[in-house]
Structure formats: C-alpha cells, structure tokens
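Enquirer: This is the structure I have questions about; it appears just below.
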Ligand SMILES: C[S@@+](CC[C@H](N)C(=O)[O-])C[C@H]1O[C@@H](n2cnc3c(N)ncnc32)[C@H](O)[C@@H]1O
C-alpha cells in the first residue's frame, strides 16, 4: 500500500502498526478504504510506466502485507497500485512542507478563486481548498478525477471544488484570481504561453516547473539560458524565483529537479503586434548566438521575408516581380528574383545598421532594443508574420 499512501500524501507510522495517517487532509479510515477500492478499480497494465522507479522507491512489502492483506486476497491476480503514467507527467508531490510553501508563496486568500492545472490525487488541491474560496481543477486523467472527487468529499470541500476533466491546453478556463499548480512538465511551454497570452486576468501564477525550464524562464539578456521563451514571457509578465524542489519530493522520483516560480502579469503591456513579435523573435533567436547581421543575410531567411512582405504589397521600393513585364523566360525570371533577394537583403541589413545592432547577438539584447528593431522593420513594410494566418499562441512557442 505504500505507493497509494504516498500518492495520497499519507504517511506510514511503522510497519508494526501499519496505521495510516493523513498529513493534511482529515480522511478517516473508512474513506481510506474507499479510496483504495477506487484505485483498485482503475488499475491498468504497466504499459507506460515501468515498475522499477516505483518499486525502488515506493513499494514497501511490510506495509503491503499488513495493511492490504484483505484487499489482496480478494484480488489475487491484481496489483493494488494506482498506475501513474510518465506520458502524463504524473509525478506526485508528497512533502507537506513543500506543498505549504507553495501555497503560502502564492498569497492565496479566502476570497480567491484558484486555478489548478493537473491536480492529480489532490495533495496540493486539498491545501488550496483550505485556503481559498474556490478551486477550479483541470485534470485530463479521469481516474485522478475520481480520486480527487472522493477526497474532496471526505474533507467536506465538494462545494468549493469545480473539476474540469479535460486537456488544460484545450479547456476554456473560467475566471480565476490565481494559478497554483504542479503542472505536467511536458506542457510547460504551451501552458505558460496560454496563461500569459491567453487574455486571462489574474494576480499571479505560482508554478512548479522543471528546473531547467524555470531557469530559462528567469534568464536575462547575456545569460547563457536566455532565449525566445524568456524574451516572449518578459514582454507581458515578470517572473520571480520562489524555491528549488528536489526530485526526491515526488512519487515516483523524476529524473529532473524542479523549481517554483511566480509569474505576475504586467499592468502595462507594450503596444506591439503579438503575431509580428513572436515571428520576429523566432527569426532573431533561430540561431541565438549569430549576430543579427548574419541572421538577416541568410539567403533562405531573406527570401522568406521578401515573400511575406511583397505578397502583402507593403514594400514599395523592392522590385515587384509579379508586376514585372521583362521576363521572357524562366531564366530571366530567376535572375530578377535573385536581384530582388539581393536588394531586399541590403534593405534588411541597412535597417539593422541604422538601429546600431548589426554586430549584436539577440541573446544579449533587451526587449526594448528588440522592439525598436521590429518597429523599424515594420515601418519599412517588412513583415514577419503571414497576415493571412490566424494567431496561434502554441505554434509561436513551439520548441521552447
Ligand atoms: C505532476 S502531476 C501533479 C499532480 C499533483 N498536482 C501533485 O502535485 O501531486 C501532473 C498532473 O497533471 C495531469 N495532466 C497531464 N497532462 C495534462 C493536461 N494536458 N491537462 C490537464 N492535466 C494534465 C496528470 O494526469 C497529473 O495528474
């Protein structure tokens, strides 16, 4: 039973007594029995998540023999563990002190509605329900939803809890004041993008993230980790480091350490076309250690930007190949196209030179410098985003 104990944030007192104690939530023995039965109902073959990480760390034979003997007898051919899936990032946070620190650092109060992404078995949710007016939990795995519902009911929190059983990237979030979550690390980038660019209004988001991802989010110009993710998020939000969390605080133990960060939306957001900004930063940071001069001299990039700009009819002083009557054959066509590209390249580099950024690397530039350069490009009719394509936050953050 140790696995289930840990997953539900229970603590085992001793192998002799094998009595279970609930660290924070006041679940009685009958409810624990119900939860165990529920977990048994949802057991699945060990297809996605191999036994080793669980067995090494979590499985305790003494507990299992003493506590769960009666259950095992009834289910001789079955395993009594809640199968956790790596593909869903199911690493449950079990240390009550860490959970308390996260809740406290979020600044949640009795009037707040909290959005939690990926509540899992509810270790963090129960603490949030104690502190907040309401919790909206978005969970994709309906086995977890069942466990959470029962746990909240046992604690008398049903009224305060709304569960949306859906992929958080596809769900529409109702209004909320705060986000507090130990999110599945696999969706970190699109989820942060959705939160900060999705048009939501909230005080802050306190998120437990993979340490490397958090480091990139916190990076400043000149830091080796500084990339497009930090540049884009910094445009609309401030990010602060709260604390590091060891991998040992999770069940099963992941391969990576974690950090908690707090993301606060800025009250004043720069007046910039977001589609243009995302596409522009994607171009600049494609090879973040190249100078801007070198990036904007790349033939493929120049041709791509020429296409985007001329099809939108915004660049007047570049020869418009479509309106050219001088092409007699395909070879002429290519030559004129080549001339276009060269002219356009000179135009691009001229603008970067005017901004004084030709020899600069994007990873060392502030958002103000990048915004200035984008405004010069746009004023000259040079566009980075295909205006016919709709806004796609996820695509803009892809690969980050
Ligand atoms: C890292 S676990 C956190 C569980 C719990 N909050 C805790 O701290 O113990 C992530 C949870 O997110 C859920 N999850 C994974 N992908 C999701 C998605 N796209 N949308 C919503 N929930 C998701 C998983 O099923 C899992 O319960």
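Glycine is treated like the rest: Cβ placed from N, Cα and C.
In TrEMBL, annotation is done automatically, which means it is predicted and not curated.
Pasting the feature list from TrEMBL:
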type    : residues                   : note
BINDING : 91, 93, 118, 139, 167, 182 : S-adenosyl-L-methionine binding site
DOMAIN  : 98-267                     : domain 'Ribosomal RNA adenine methylase transferase N-terminal'
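Where in this structure would I find these features, and how exposed are they?
Expert: Reduced to three states, the DSSP call for residue 167 (S-adenosyl-L-methionine binding site) is coil. Its Cβ taken as reference, residue 167 (S-adenosyl-L-methionine binding site) is surrounded by 11 other Cβ atoms within 10 Å in the chains shown.
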Enquirer: Please give me the CB contact count at 10 A for residue 139 (S-adenosyl-L-methionine binding site), counting all chains in the structure.
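Expert: So the Cβ neighbour count for residue 139 (S-adenosyl-L-methionine binding site) comes to 27.
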Enquirer: What is the total of other Cβ atoms whose distance to the Cβ of residue 91 (S-adenosyl-L-methionine binding site) is within 10 Å?
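Expert: A count of 24.
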Enquirer: Counting all other Cβ atoms within 10 Å across every protein chain shown, which of the binding-site residues 93, 118, 182 scores highest?
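Expert: Answer returned by the neighbour count: 182.
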Enquirer: On the three-state reduction of DSSP, what should I expect for residue 91 (S-adenosyl-L-methionine binding site)?
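Expert: It is coil.
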